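Undergrad: Grabbed the feature section from Swiss-Prot, which reads as follows:
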{"type": "BINDING", "residues": "GLY118, THR119, HIS120, GLY121, LYS122, THR123, THR124", "note": "ATP binding site"}
Amino acid sequence: MTPRTEGMKKISRIHFVGVGGAGMSGIAEVLLNLGYRVSGSDLQQNANTRRLAERGAVISIGHEARHVETVDVVVVSSAVEQSNVEIDAARTARIPVISRAEMLAELMRFRYGVAVAGTHGKTTTTSLTASILAEGGLDPTFVIGGRLNSVGANAQLGQGEYLVAEADESDASFLHLQPMIAVVTNIDQDHMGTYGNDFGRLKDAFVEFLHHVPFYGAAVLCAEDPGVRDILPRLSKPYRTYGEREGVDIRAVGIQRLGLQSRFSVLRQGAEPLEITLNLPGYHNILNALAAIGVATELGVADAVIQRALAGFRGIGRRFQINACLNFGDGEITFVDDYGHHPSELAATLDSARNAWPDRRLVVVFQPHRYTRTRDLFEDFVQVLSRVDVLILLEVYSAGEAPIAGADGRSLSRAIRVRGQIDPIFAETPEEVFDILPNVLKPGDVVMTLGAGSVGVLAQQLPERLGSEAVP
């Protein structure tokens with residue numbers, strides 16, 4: 001067992017409010033494996049809460065003040081309102097209430113921390129980095145926002161010195177972290193309410209995050225992203241750049257996109273070209289792999305280890321996850337599930353699908369996530385969703401937000417219809433999708449469920465339901 005940090009010796013019982021989230025459950029599992037007594041609450045069960053309960057955590061469904069009566073510290077998800085009864089009770093009892101990132105920072109403080117930030121690609125880049133280190137026998141601890149298929153979990157306590165984790169900019173909590181290596185995959189307009197709807201303030205936060213890296217550490221930055229390029233002149237800490245353009249430190253050349261894989265060579269100063277086969281589709285994942293290669297190069301991982309890890313990478317849950325292939329008429333239907341919920345993510349995922357299956361129709365079931373995001377990026381959603389062949393649009397998954405007029409699923413559906421490229425089908429509830437799909441599917445279709453909300457549950461059910469009901 002890894003020793004507890006000196007300050008944390010005073011702590012025995014740790015309670016998580018909103019424990020079912022990927023980031024929260026991951027930290028809870030690491031602390032559980034370190035020997036702490038972990039409890040948590042959430043509004044509903046999911047795979048994360050069940051996994052924690054199986055490993056000895058005390059999980060409660062629903063929030064009550066009594067859940068925090070005997071704990072030493074309360075860790076709160078950014079998705080939980082500050083008026084939550086458990087938070088109120090903890091403060092009344094003078095129990096420390098901290099953010100997820102504060103607890104992650106404590107775990108990182110006594111390890112060699114690698115923090116992966118960026119609007120898009122954090123989970124995949126963190127997973128690729130952790131997989132390379134594991135392949136090299138470095139046994140890292142990792143906390144990831146999705147399930148790493150090779151271990152069947154989103155977190156693992158390793159015995160090595162490295163801790164690899166996502167750094168969340170959505171609530172600016174990544175500013176708690178003090179990593180040795182920081183990665184920034186991109187800087188895009190999302191969660192803008194945190195930054196007063198000022199893109200400049202968002203970029204300022206990333207600069208501050210990168211300045212938390214010590215002078216003997218390093219940053220690994222994507223030079224293909226305009227937001228990242230904007231901040232480069234402001235950085236005073238060591239950094240490496242990656243991308244496809246000339247002049248970057250870690251450069252991909254000779255890119256071949258081969259269906260669900262990619263091949264390319266990596267050029268690095270003072271090193272032989274590195275031939276890579278990446279077991280992931282999409283140009284965006286080539287960039288994510290370059291980031292992981294940049295970290296591995298900084299840590300001195302052998303090239304052969306990098307090659308094995310990327311060629312054998314088994315993917316992440318809900319990141320271009322192929323759930324099933326079913327016989328359908330004289331062809332088949334392929335079911336793909338992806339967490340993408342921002343227009344840039346949707347565009348990258350759809351591009352990957354078009355490249356993998358250029359002659360097949362894309363039937364997309366999309367659930368918008370948050371009314372504020374739908375409002376702020378409305379026209380971008382209209383543009384990217386108009387490119388698919390068939391669109392079934394669900395109502396917005398609120399994530400606790402109040403509805404906003406003109407930013408709901410029906411409004412988005414109408415705007416896409418007015419654009420004139422496709423005629424979307426609006427589904428009031430996920431259950432309606434089971435009735436709609438059999439009437440629109442054709443042999444050879446690729447069904448893609450996209451979004452960060454409950455559409456992930458629908459994605460798990462579709463192959464079985466349609467396999468028994470929809471074959472013509």
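Don't overthink the numbers, they just go from 1 along the chain as shown.
Backbone N, Cα and C atoms are what each Cβ position is placed from, and that goes for glycine too.
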Undergrad: Within 10 Å of the Cβ of THR124 (ATP binding site), how many other Cβ atoms can you find? Include all protein chains, please.
TA: 29
Undergrad: Secondary structure at LYS122 (ATP binding site) (DSSP, helix/strand/coil)?
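TA: Where LYS122 (ATP binding site) sits, the three-state DSSP reduction gives helix.
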Undergrad: Taking the centroid of the Cβ atoms of GLY118, THR119, HIS120, GLY121, LYS122, THR123, THR124 (ATP site), which other same-chain residues have Cβ within 8 Å of it?
TA: VAL116, THR125, GLU166, THR185, ASN186, ASN288
Undergrad: So for GLY118 (ATP binding site), how many other CB atoms are inside 10 Å of its CB?
TA: 24
Undergrad: In this structure, which of the binding-site residues LYS122, THR123 has the fewest other Cβ atoms within 10 Å of its Cβ?
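TA: Selected from the binding-site residues LYS122, THR123 on minimum Cβ neighbours within 10 Å: THR123.
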Undergrad: Are there any residues in the same chain, six or more apart in sequence, whose C-beta is under 8 angstroms from the C-beta of THR119 (ATP binding site), and if so which?
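TA: Looking at Cβ-Cβ distances below 8 Å from THR119 (ATP binding site), excluding near sequence neighbours, one finds GLU169, THR185, ASN186, ILE187, ASP188, GLN189, ASP190, HIS342, SER344.
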